[in-house]
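Enquirer: Encoded as structure tokens, here's the structure I'll be asking about.
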């Protein structure tokens, strides 16, 4: 900030005494830099106090046996013991990893597909399209709300609304949320249903595709499918990339629904034990905050790696029309 | 104002400062203000502290429970303030779910309440980490009068020789059944002293006749498992170790596998619903089973959630497997500046006739036996009367108090749910589940 403003100022004044001006500019640069920090300070204090310092503290704690109740001054350094235990002695840790991967691998692609499909439908100019856009967006406004998760649990109970609906066709439903084989699928459905946010981004992306490309394609005799495949998808790929990265990170961090559905236990039989839920239980129910911190750092690194993989493979399929990568 | 800013602000004409541009001085002032602001707030917070030297004390107190408990507690505390005008309370309460998360977080933040409610699931965790005050010296000096407490109830608050918590009331395990349903179908009511086999056979009959499953399957319920173990001459804990082995767990799971096969219990998904600790989800009140496994002092709350009449007896088997359990405790934070006052409040809540009358049996039967007798005489709520009556009867047959659960107990509980449900859903055999469970427990309690 200071670096960009100072030269600009020098040019504007166009001073005939370069030496004096440099001194003056130096002082001003200092002053304006300080002003910048002052104006940044609410955010900086927030970043340092609420994010950076606690994060670094948790990195330290991940090498200790911190249990919340013992004062920080008395925690013992245990080296890599927490990490060792996580990788070699805790089967439920690997179970949680498996549950989370399954969830993300199934829910994220389906959610993006639903978002893109509906965005394509809503990209047409027909009467009432605005209303439908709002309606489809609505579920994601309710976001990770607890109320929504409670509704979901009641809908997918043995005697819930969904089974009453099935009963009309003479099908006897399962106790979806209370069945270890189906509880996670019910959570996935909830996540997929909330496709509003990526849908709106897809819609905006679709509006940006120049119509002359479609005209040219149809002159060349491309049908609707080929137009979608050869025009829409490449033109939309930066938006798809953006949504994919964001939704993957979101998918890995799913917590609220799993917490509510299982009363904070990850049940039935650990079928909804998402990574974040396992972390929460370790930290707050079992009071093993050092262990939970180690889990959090492994999680952070894993998400970082996955995002890196996305970015490094992006160049092969993400198409930027202005020629830049 | 922050002391560092006053010299600068007070001497604006000082020569050495003249070279500073006015804007710069302004900025410097701004920085000082930004830096000083938290200090000021901090100082203000300190000024608000409880013991201001004039003898006035503001005691923070924290408990879990519903609105009814809040009202009773607030009334009792108001009475204390009336008798001790120097002491006022900062009251915080919330539902049981999330209570211990909050208590742990408050403790970690160095700002725990002076006085808080706790139960045997967490007492050891807090006592072993020296978070709670040892109340022995107070009971020795008589400032905390426990002379009217049943001895075993008092002992159930002792961890490593320290009196970590004072029982706010006594309760014990209770098997609650739907009386209306049984009478309507001409079925006998369960009785205290029935064997486990008899209970399961009875439940099978109930299922056949009423189409409502006769009993919730308690194989995931640590308190039922605990009573059963004690009846086998075992226990949940023995010193710092487990009081049972794989063979015991296998037998326990097999007992209930048999019951499920005979149709005495609901389907696994319904059992899972009933495994939630929430009173409103107990199958006996949701109508999904004829009996539920609860604590006797939960009777009034259960009754509020159903129109049917309820009855309560001891868990099956020899009732000497049960003991006078502290329904919950009051504990004092070790670092509290007001610990003497906090102990006095505990003493008041346990021994003042008016306070005990106000509180009733909401936190279990009053610990003070003399006052318990009085409360029983004057009780009007039928559900409360019933729980008092059953508990008083059972008290004659109680066995020796169990040991307070050790560190790692929360995991011993949650792993039992997982293992039992794994068997219920038919995913693994009782023996496999028992092996996994014991292994998980062993790594949890080290």
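Note that the numbers count up from 1, one per residue, in the order the chain is shown.
Placed from the backbone N, Cα and C atoms, the Cβ positions cover glycine too.
Because TrEMBL annotations are produced automatically, they should be read as predictions rather than curated entries.
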Enquirer: Per TrEMBL, which of A:37-63, A:64-90 is transmembrane segment?
Expert: A:37-63
Enquirer: Name the residue range among A:134-155, A:156-177 that TrEMBL annotates as transmembrane segment.
Expert: A:134-155
Enquirer: Verify whether three or more Cβ pairs under 8 angstroms connect the transmembrane segment (A:37-63) with the transmembrane segment (A:182-206), leaving out any pair fewer than 6 apart in sequence.
Expert: no
